[in-house]
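The domain 'Protein kinase' annotation in TrEMBL covers 12-268. The ATP binding site feature in TrEMBL is assigned to Lys41. Residues or ranges marked as compositional bias 'Polar residues' by TrEMBL: 273-283. What TrEMBL records for 273-309 is region 'Disordered'. Taken from TrEMBL, the feature repeat 'TPR' covers 395-428, 463-496, 531-564.
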Amino acid sequence: MVDYIGRQLGNYRLTQLLGKGGFAEVYLGDHVRLGMKAAIKVLHTSLSEEETRAFQQEAQMIAALSHPHIIRVLDFEVQDGIPFLILDYAPNGSLRHKHPRGERLAPSLAIDYVMQIASALQYAHDHQLIHRDIKPENMLIGNRDEILLSDFGIATAAHSTSSMNTEMMMGTLAYMPPEQLQGKPRKESDQYALAVTLYQWLTGELPFQGSSTEMIAQHLTKPAPPLRDKVSSLPVELEQVVLRALAKDPKARYRQIQEFATMCDTALKAAPQQKTRSVNQDAETLVSGNEPPSVKYSNPFSGNEPPSVKYSEPWTSMGPQAFQPTLDYYLNSSKSLIESGRYEDAVTLCEQGLRLHPSSALLYVNRAGALCGLKRYQEALADCDQALQRDAKNTLAHYNASEALLQLGRYQQALAASDRAIQLDPSFVKSYINKSRVLIDLGRYQEALDACNQALLYNSQNALIHNNAGVALMGLGRYQQALAASERATQLDPAYAQPYVTRSWAFIELGKYNEALAACNQAIQRDAQDTWAHNNAGIALMKLGRYREALQACEQALKLDPRNTKAQANKQAILQNLNRS
């Protein structure tokens, strides 16, 4: 086996072997110019021309995925016949490393993992991609202890089964569904493999064991042993959910993998005497009392990004006694949908919940969050008003109001809403972040910087706070300090594009145009839809005399935001320079 340490692949010099499997090795790589770290996955094969095309096509599809629980593919190349991938570096290892074989996990922890992985898989399925190799080795741990799904079928797609060694086949066979063994993988195959993983976490054992021949036969014909035969304390409802996902017939499993995860969560919470932490418990701690509201806005965002099951029929019978939807179910499931970016489904589910639980402030907060995700800010504000009528001291409702009002350009009201959220909970950092954003938009840079400094007292590790401080410092003309603040933001969250935009702005003001262009390229690598990254690239290229490239960059900025007046002005300046040259 070739040792690649010290060798350069693409723009990365390989410095350390992180791990190896049946068909690839993963190295830590340092970018030769930027110093940025990445994981370099080198495949143990030489690809034919046809295989290279297939490899590149699938890599392009996977590189287009953008989800908080999916490791990003940054680039892919074939150099000297060696195919390799450049991936985000996850420094904390895998769930296999954290929980070795034989370890039993608390059901609440296991299902928390399942919810995160299912969210990523649902997103992939919605984009017509199947993972095909779900197992703990491919579940990595991010900087914030979030679970990141790696190793989509891109590497296995480049290999025939016969080319994989016995160790790799044994590791994969333990999780492989019957239809995939027969060469017909489908989206339900990922559900089966995730159910095998959950079975192993809950019981400490795999459902099917033995030689490769024995495991194949068991996957094809033998029902999984009941989980409660191994761990009698497991809730029967949870056992039923897992066994259904392990059905031999893919059509007998859950229709969507997000539904499987939600049913696991609901089954655990429905179990008698089960003490589990609600997904919304953090939100609940921000609510105190049911006083009538003293403020009326109309308010927005409580979630992050997207899932995709249709919840018009959320309750599928699992036996003689089907679950009954509870308020906790609607809160947890709608929040999960929001975090997966499936905002329409979250709105539908909240509406169902509100018909049964019309007094719930948090259901209105969650629906407001989903509406904000859909950019329906006025409706979101109306839902925040409803939430505040039910609980005037709900910090999340005031915070969401500040977000919606900011998006609507109602800055003074947004400022009042964020101040109210801070008054109710001075340690809720997101309120300071929104306050700083409002103050920046108002041109009140010193106050924005003060808000960031207040937030840093509670959380000095938040990249967004450092970036906003950098923007405020730019407004104050303190460019070197702005560079330092944005640099700290990139260290805390290397995947976050905005600090690179801030850095490019500072470099432009300092006359360092090559550095500005490099920062813009870093931002675009992370978010190709960032208008200001393209605009600033245009400015840097113009200053470097590269007018045609500058024009392309500005045109891309205007394509993303036709109303961007600065990009329009920059384009005119570039055209004038082109006419003179």
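Just so you know, glycine gets a Cβ as well, placed from its N, Cα and C.
Non-local neighbours of the repeat 'TPR' (531-564) in the same chain are 497, 500-501, 504-505, 507-508, 511, 513-514, 516-517, 519-521, 523-524, 570-571, 573-575, 577-578, 581; each lies 6+ residues outside the stretch with a CB under 8 Å from one of its CB atoms. Non-local neighbours of the repeat 'TPR' (463-496) in the same chain are 36-37, 72, 88-89, 143, 429, 432-433, 436-437, 439-440, 443, 445-446, 448-449, 452-453, 455-456, 502-503, 505-507, 509-510, 526; each lies 6+ residues outside the stretch with a CB under 8 Å from one of its CB atoms. The Cβ neighbour count for Lys41 (ATP binding site), using a 10 Å radius over every protein chain in view, is 25. If you average pLDDT over the repeat 'TPR' (463-496) in this model, you get 94. Under DSSP, the residues of the repeat 'TPR' (395-428) split into helix, strand and coil as follows: 27 helix, 0 strand, 7 coil. According to DSSP, Lys41 (ATP binding site) sits within a strand segment. Broken down with DSSP, the repeat 'TPR' (463-496) shows 27 helix, 0 strand, 7 coil.
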